[in-house]
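For reference, the structure is listed below as structure tokens.
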Amino acid sequence: MAEKLSERVQDKVRGCMIGGAVGDALGYPVEFMGYRQIIDKYGEEGIKEYTCDSLSGKALISDDTQMSLFTANGILFGITRGHMRVAPVALYFREKPIEETDMIGAGAAAITHGHPLGYISAAVLVHMISRILRGGCTNGDSLRDIVIEAKDTMASIFPGEPYLRRLNNVLDKAVHFSGNSRSDIENIRELGEGWVAEETLAIAVYCCLRYPDDFSKAVIAAVNHGGDSDSTGAVAGNIAGAICGYDKIPDKWKEKLELEKLILELSDDLYMGCRINEYTAQEDPVWVNKYTPPCIP
């Protein structure tokens, strides 16, 4: 029983990381296109398949996934060698008290996104993924409960923060819109374009609530708008991938994804904890190749 539970958690960790990369790679080619441009180029339903690189044949990831991978690398390097973007925080620190994990996520985001709406939105995402990994999400209703819990937790750990009202308002809209009869593009336009953190989070939350049992529909909806499509796709992919797990992400998304094997390896190390310890020699080739930052003269 414990072994099966462990395997399910590992599958969700993999799903979160790969899912984020899938959404990023799908949205990357249309990031700076208007919605009408996307429709004119890809058809009335927008972009639904990868646009692969002509040389490698792969669906290329953007800086969004690169930052996530470097964050994962930094966590593994720091924890195992004495010395930290935010989905990996939830994956590695999943056994810590959830409020502590939220704060670690906020701290990681604040390094480059110092506005409260930036790092608190990151903490909400960490909270959601942490709760999903801990078995708290089985359907759209439970995901909605997780969003409500995350909002309440932010009020507790960031008491009196005036920007919480803005964040809560846009998340409430995302939850409300997910159950209406309007088109995805109508709802997403009202949530924003995703160029700021709270809008990215709200669009991702909306898409995952709208399609809680369909990874492909969630990430496709998340990228088909005239905004920061790779970022909204990446965050939606993180959430949707954590819900369904790696094994249930359709093969078409995994087979042509750039760096898929590397992302899986990092995912497994985040799950198991890097097996290199503080006594490992610096010249150990495994250590050097995997987690030691390069020396820059």
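Placed from the backbone N, Cα and C atoms, the Cβ positions cover glycine too.
Under the heading Mg(2+) binding site, TrEMBL lists ASP228, ASP230, SER231. Around the Cβ of ASP228 (Mg(2+) binding site), the same chain contributes GLU31, GLU193, GLY194, TRP195, THR200, each under 8 angstroms and 6 or more positions distant in sequence. When secondary structure is read from DSSP and collapsed to three states, ASP228 (Mg(2+) binding site) falls in the coil class.
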Under 8 Å by Cβ from SER231 (Mg(2+) binding site), same chain, sequence gap 6 or more: ASP24, GLY27, ASP64, GLY194, THR200
Residues satisfying Cβ distance under 8 Å from ASP230 (Mg(2+) binding site), sequence separation of at least 6: GLY23, ASP24, ALA25, GLY27, TYR28, GLU31, SER62, ASP64, VAL223
